[in-house]
Amino acid sequence: MSKRKLTQNQQRRIQSNNAKTLHRHQHRHKSDIDWQDDMLGDFQDGTVVTRYAVHADVENEQGEIVRCNLRRTLKSVVVGDRVVWRKGKEQLQGVRGVIEAVQPRHNQIVRPDYYDGLKSIAANIDRIIIVSAVLPNLSLNIIDRYLVVCESSNIPAVIVVNKADLLSSEARTEVSLQLEIYQKIGYETLLISAKSGENMDKLTALLSEGTSIFVGQSGVGKSSLINYILPEVNAQTGKLSQVSGLGQHTTTSSRLYHLSQGGNLIDSPGIREFGLWHLDREQITNGYREFQYFLGTCKFRDCKHLHDPGCAIQLAVKEGKIDPLRFENYHRLITSLSETKSQRHFISAN
């Protein structure tokens, strides 16, 4: 009797589990330091400024950064977390402290992971900077995906379009018209160029208050923006793949930077596909802020806002109160949700 052929999902799951087992084995000696009370100093507050696979860098109130282990009881520790930690009396295997607890988060950004459920990216954010680029083309669908995440996380968003120096006058006009779609519904937008410096002063001023995070696909120029804003950091920049047009991942760990003019900036690894599997139809619908005024006024309570009679959203589109491109992207998201929704239960990222 021949063996049943594994599906692609089953093969990926086996490969992922195997990789995780190898990773745990390879790093077991690094992460399993048994810190005893007599090896540690007093409890103190700190902020996670870098998160690695098995360690985290914590900054104390005096600005000192210490590499720490994590207590095994901690479910999730991400950049931006306020933590309670203790400094070791000596350095062990390159580690000088241990994180004991994570303070309650004001907010967090999460994304679904097929194998690990909901995965936190960063915590305690004041604004999300959605970075897009004009090449290969400006994707409003991707921008809308990020905006749904921002709205569901209740975190203000700013749309930044990089590489404006590559635009012809005609293309610049087209991009400006696309950005007006978002300006009309209350989103702040910036058309910038890290290469020419266009509008970089406005971006720098925006970042000077609170903690911001750059999100966006690889290759949109997040590292180039950081090099401009923080030249001393010299973040590694990558070249676009000439074959696919997709960028190479150049940031391997999430990091928090302090800006000289004030404010903090978090840079996270680029993500080519920002899944929304953990959100249901109602959450995605609520992620479109211009829909809010019309929701609840459709003829039928279970209106899907597609071909339903008496749909207030469709009427608003026809009357020019909702942009048709946004409405089209909304249904693309709903369709993709129906096609790719995993049956697994997404556990909390806390």
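Every residue gets a Cβ built from N, Cα and C, even glycine.
What Swiss-Prot says about this protein:
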type	residues	note
COMPBIAS	21-30	compositional bias 'Basic residues'
DOMAIN	106-274	domain 'CP-type G'
BINDING	Asn162, Lys163, Ala164, Asp165, Gly216, Gln217, Ser218, Gly219, Val220, Gly221, Lys222, Ser223, Ser224	GTP binding site
BINDING	Cys298, Cys303, His305, Cys311	Zn(2+) binding site
Going by C-alpha distance, which of the binding-site residues Val220, Lys222, Ser224 is nearest to His305 (Zn(2+) binding site)? Val220
Tell me the Cβ neighbour count for Lys222 (GTP binding site), meaning other Cβ atoms within 10 Å of its Cβ, over all protein chains shown. 28
Closest of Gly216, Ser218, Val220 to Cys303 (Zn(2+) binding site), Cα positions, binding-site residues only: Gly216
When the pLDDT values for the domain 'CP-type G' (106-274) are averaged, what is the result? 84
Top Cα neighbour of Cys298 (Zn(2+) binding site) in the set of binding-site residues Ala164, Gly216, Val220: Gly216
Over all shown protein chains, what is the count of other CB atoms within 10 A of the CB belonging to Ala164 (GTP binding site)? 21
Cα distance (Å, whole number) from Cys311 (Zn(2+) binding site) to Ser224 (GTP binding site): 45
Let me know the most crowded of the binding-site residues, choosing from Asn162, Ser218, Ser224 and counting other Cβ atoms within 10 Å. Asn162
